[in-house]
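The structure appears below as C-alpha cells.
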Amino acid sequence: WLHRYLKNGNATLLRTDPPKAHVTHHRRPEGDVTLRCWALGFYPADITLTWQLNGEELTQDMELVETRPAGDGTFQKWASVVVPLGKEQNYTCRVYHEGLPEPLTLRWEPPPSTDSYMVIVAVLGVLGAMAIIGAVVAFVMKRRRNTGGKGGDYALAPGSQSSEMSLRDCKGDTLGSDWGGAMWT
C-alpha cells in the first residue's frame, strides 16, 4: 500500500505548471517608468526572473520579490526595474522555469494609441462618404443615359395647350351626388 501512495504522490510532486508571464508599465512621479515582469500560476516554486538592458543582464537596479503562494497550489513572483521614459523597448525580461521548454523573453508592449484609431475611423468615414457619393453619381448618370439626357419622357396630352385652366372654365355645375349635391357658384 505504501508503494501505491508513493506512485500516486509522484504524479503530484513531479508535476510542472509553466508560468503565465507578462510585463506591466507604471509611470512614476519622478518622470521615469517602472517595468514589472510578472510570472503567475507556476509549479514548482523554483523560478528565476531577470531583466536585461540591450541583452546585458541587470543585477543591481532590479527589485525582486520572493516567490509567493497563489492560493490555488501554484506560485507567483515579479521583478521590476526603473527605466527612463521612452527607453522601455531596450529592456527585456527573461523567465526561467522547469515547466518551460525554453526560457521566455518578454518586452513591454505599448497599447495601440488612440490617435491611430482616430485616423483609421476618419479614413473609413471619408471612404464611406466617397462610396455613397459615387453611387449617387453613377445612378444619376445611368438614369440620364436611359432617358436620352432630356430629364424624362414627358409629353403634352393630345389637344391640351397648357395646364393653366381655371375653375371657371370647368363646365360641371355639381360635384356629383357623392358630394351632397354641392353647387359651384
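Cβ coordinates are placed from backbone N, Cα and C, and glycine is handled just like the others.
What Swiss-Prot says about this protein:
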DOMAIN    19-107  domain 'Ig-like C1-type'
CARBOHYD  N10  N-linked glycosylation site
CARBOHYD  N90  N-linked glycosylation site
TOPO_DOM  1-118  topological domain 'Extracellular'
TOPO_DOM  140-185  topological domain 'Cytoplasmic'
TRANSMEM  119-139  transmembrane segment
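Note on N90 (N-linked glycosylation site): other Cβ atoms within 10 Å of its Cβ, all shown chains, come to 13. Averaged across the topological domain 'Cytoplasmic' (140-185), the predicted model reaches a pLDDT of 59.
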